[in-house]
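**Q** Have a look at this one before I ask anything.
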């Protein structure tokens, strides 16, 4: 790089975890002008001490002091509520299964946070995501992280060129074990901290209990597709396509799985057997299609896709439609595609972009996954 790194200001999103701690440490070691920012996205004052925000910020302070960088906490609660949490609840009301991580990256970490960082004179923002960016001509490509088990491009699929041109992912070329090793060698306070899992604003709390605080549950009948009533469900929002646990159906034979929802009648459909035919589909319609590059796209794209995080890729043909949606046709049937989740497109290691799964189809007929 022709410019001296000390002239380049990088604002790091620090969560109090090991990944973002090592990100800040690496950039500081490389001579960048580094500032750490802790994003406070959720108001935990009305909770019962479960949220770890204060503890996490203490860890940010400890690490920032260890590596010698300034740090701040910035409140994005309003933006998070408006852009992420409201979407989260709206999707559940529609009987779908949302992906708040995708929306958080699009609207908070690489929008509200990026704008704030720029107000501090940032040339780039950096996070602890396991993904890579690569300049090719005038464009920035988003590439999978080297650690296949940790690759997070699935959650970054909605990022635009304007956002990608401003980001650094120092951990993208590393395995998670290397990151822990660096943290230990550097003596970082978070070196042995457990990775956070699940949805950040729910934390360790019971999911059903949390959701019922915001959306009234409406119990109803649990039926087979032939109309046989097998019991009661606790509320359609608590169930997702392909779910097995928590159905409370006894008896012998193969386990039961969720195969559909009827919102109007408030009925949950279940069938027996992991490989029940209703769980398999051959295509889907996706909305909110977004691409990571500005290059012109052909109407038909042959690529691979992921329908959930850490799933192996499936060969697909994507047909872009005039209304901004896409029909995604699978080379082989896929099990338990879930409306509301992200479908993400890849060309080898390049993440092309993605969209939101809206409807799921088989042999030209729409499956009643949410209807």
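Here the Cβ of each residue, glycine as well, is placed from N, Cα and C on the backbone.
For 104, the entry in Swiss-Prot reads active site, nucleophile, with the evidence type sequence analysis. For 200, the entry in Swiss-Prot reads active site, cysteine persulfide intermediate, with the evidence type sequence analysis. The ATP binding site annotation in Swiss-Prot covers 13, 14, 15, 16, 17, 18, 19, 20, 39, 128. Among the features that Swiss-Prot reports, disulfide bond is placed at 104-200. Here Swiss-Prot flags 129, 341 as site 'Interaction with tRNA', drawing on sequence analysis.
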**Q** Which one is it, among the recorded positions 104, 129, 200, 341, that lies nearest to residue 13 (ATP binding site) by Cα separation?
**A** 129
**Q** Expressed to the nearest Å, what is the distance separating residue 200 (active site, cysteine persulfide intermediate) and the residue listed as 'active site, nucleophile' at their Cα atoms?
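**A** Pair distance, Cα basis, whole Å: 10 Å.
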**Q** Between the recorded positions 39, 104, 200, where is the Cβ count within 10 Å the lowest?
**A** 200
**Q** Would you kindly give the Cα-Cα distance separating residue 15 (ATP binding site) and the residue listed as 'active site, nucleophile', rounded to the nearest Å?
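**A** A Cα-Cα distance of 14 Å.
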**Q** Which one is closest to residue 341 (site 'Interaction with tRNA') in space, judged by CA to CA distance, out of the recorded positions 15, 17, 19, 129?
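**A** Answer for the nearest of the recorded positions: 129.
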**Q** Could you check the binding-site residues 13, 17 and say which one's CB has the most other CB atoms within 10 Å?
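**A** That would be 13, with the most Cβ atoms nearby.
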**Q** Based on DSSP, name the secondary structure state of residue 17 (ATP binding site): helix, strand or coil.
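**A** Once the DSSP labels are grouped into three classes, residue 17 (ATP binding site) ends up as coil.
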**Q** The record names 13, 14, 15, 16, 17, 18, 19, 20, 39, 128 as the residues that bind ATP; what is their largest Cα to Cα distance in Å?
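**A** It comes out at 16 Å between the most distant Cα atoms.
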**Q** Among the binding-site residues 15, 17, 39, which ones place their C-alpha within 10 angstroms of the C-alpha of residue 129 (site 'Interaction with tRNA')?
**A** none
**Q** Give the number of CB atoms, excluding that of residue 129 (site 'Interaction with tRNA') itself, located within 10 Å of its CB.
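**A** The answer is 26.
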**Q** Under 8 Å between C-beta atoms and at least six apart in sequence, can you list the same-chain neighbours of residue 15 (ATP binding site), or say none if there are none?
**A** 38, 39, 56, 60, 128, 196
